[in-house]
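> Sharing a structure below in structure tokens format, with a few things to ask.
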Amino acid sequence: MFEGDLGFKDLDEVELELQTLENINFDTILKCSKILDELDDRHSTYIEKFKLQTLKQKYQKLKSADKIYKEIKKDLNSADTRYLSQKSKENLIDFQNLLANLGKFLIFDIQNSLKLRKVNLQKLKDILTSQKEIIYKHIASKDSDERKILYKQFLKNESELHKIYGKLSSNFLEYYNIDPIKHTVKSILNDSFQAVNAIKTNLKTTFWLCVFFGVCFCVPYFLNISQVPQTNLNDIIYLLFGVSVLAFLYIGYTIVFLMAYGYAIFKNNTENKIISFIFWIMQICMLVICALPFAYDFEKLKWICHIILENFNWIICIYISLFAIYFGFGIYKNKAYKDYINLSILILALCFDLIFISFVYARYQDINFLFLLLTFFLLIFIKVIACLKTFEYKYIFLFSVFVGFAMMPVLSSDFVRIIKLANYKDSFTIKNEFISKEILEKIPVCFNDYNATCIDKTTSDENKTTINNLLVKVKFDDRYYFKAHIPKDENLTDISQKENGEFKIKKDNILN
């Protein structure tokens with residue numbers, strides 16, 4: 001495992017990237033930066049100084065080398081040059097000649113960090129040279145263990161490359177056609193392998209951590225009903241471990257969806273103001289849709305909620321249309337989108353929004369509105385991070401974990417039901433003397449297709465009663481705490497109009 005498969009294609013990619021970095025002419029960039037910085041230092045008169053300061057400020061605002069080049073050409077041909085000395089004119093001509101080879105490179109953008117970038121550039125070259133050697137050795141090696149070690153070192157270096165490229169501006173990378181995303185993918189792979197290795201080497205600790213988290217995931221349900229289960233922990237350790245695994249699968253799905261969403265936004269990143277406006281309208285629309293079930297409880301907002309609910313399908317269609325416009329623009333502008341992987345990621349992003357909305361509407365009675373707002377703002381934060389010029393996957397991963405954990409209190413009732421510790425339905429045969437006659441009289445008799453609490457006459461007699469679909473609110477070592485869902489009107493079977501009959505029975509008084 002983790003042996004990898006490095007080949008000549010990887011070698012070609014490294015050599016091409018290394019050659020690109022070797023071609024970066026930092027001496028020319030440094031000269032341009034220095035001339036621009038000192039442009040107004042060489043003057044003989046006050047008028048000349050003022051004119052040079054004006055030119056400097058104008059060039060700094062332009063930033064791009066090709067724009068500055070055109071502006072200098074225009075300035076040298078204008079009548080204002082009569083205020084400049086011959087020396088200043090020569091400096092401008094020298095500056096113009098240097099700019100001719102830099103295209104759209106942002107000169108002013110790099111002045112303050114030029115030395116740091118030069119250091120980072122050398123680090124990149126050193127690591128890429130090391131990568132070449134690793135690939136050569138990996139191709140030549142026939143030893144499985146050696147290939148694993150080499151591949152791990154290769155991925156570790158890729159993680160360093162991702163980190164260093166993140167320190168360089170996107171303009172710098174774009175100008176030299178360097179796409180660091182391939183290093184990002186391998187950096188994610190490196191982190192994943194390290195996580196798997198950490199689990200493998202600490203299995204016992206991992207198991208007990210999972211049990212602990214299993215307890216934590218179940219606790220919100222018992223806090224909500226103000227009842228604490230009294231049971232031997234040793235009897236349910238493996239069940240708690242299973243709950244933890246299931247919960248982490250939910251969190252894992254959330255992370256995958258949000259990482260995909262973040263990457264889709266990153267690839268779609270554009271400075272177009274209309275598209276940015278559409279992005280924020282999408283977020284407002286999403287918030288309104290998710291807040292609707294909670295707003296309905298406020299009398300003053302009910303009329304608005306009625307209007308929205310009557311046109312809910314249209315609201316969803318509008319949101320999907322905004323989604324399509326936002327990412328459609330990215331597909332149009334970005335050729336890299338036009339492959340099945342990036343399109344699959346887009347589909348995952350849309351699925352997350354629809355799943356999140358469905359989750360809120362299905363479980364809104366169990367959701368605290370403040371928790372929903374917190375989760376929503378975490379989602380906004382993830383999307384804003386994704387708008388950065390480099391794909392900061394570690395931050396997106398971290399906040400995705402927070403979003404996943406924020407969902408756990410809502411799912412707590414499901415977890416305790418899965419391990420049959422509480423909140424599950426079952427059939428129980430109970431001695432009549434220990435059940436309240438008032439409750440027994442209200443529970444209807446079972447018949448076909450009736451799924452609520454009911455009495456099974458076929459297995460009941462004067463001494464015992466079998467009750468089907470009886471909810472175990474919480475289970476103790478020596479007793480059950482039951483809740484019976486009973487129709488308010490005994491002549492009706494519509495369980496939506498129900499009352500709850502709650503009672504406790506010792507296990508000794510249950511016959512099955």
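Backbone N, Cα and C atoms are what each Cβ position is placed from, and that goes for glycine too.
For 206-224, 236-262, 274-296, 311-329, 341-361, 367-388, 395-412, the entry in TrEMBL reads transmembrane segment.
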> Quick check: do the transmembrane segment (341-361) and the transmembrane segment (206-224) share at least 3 Cβ pairs under 8 Å, counting only pairs 6+ apart in sequence?
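These two stretches do not touch.
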> Do the transmembrane segment (395-412) and the transmembrane segment (274-296) come together with 3 or more C-beta pairs under 8 Å, pairs six or more apart in sequence?
no
> Taking 3+ C-beta pairs under 8 angstroms (sequence gap of 6 or more) as contact, is the transmembrane segment (274-296) in contact with the transmembrane segment (311-329)?
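Contact confirmed: at least 3 Cβ pairs fall under 8 Å.
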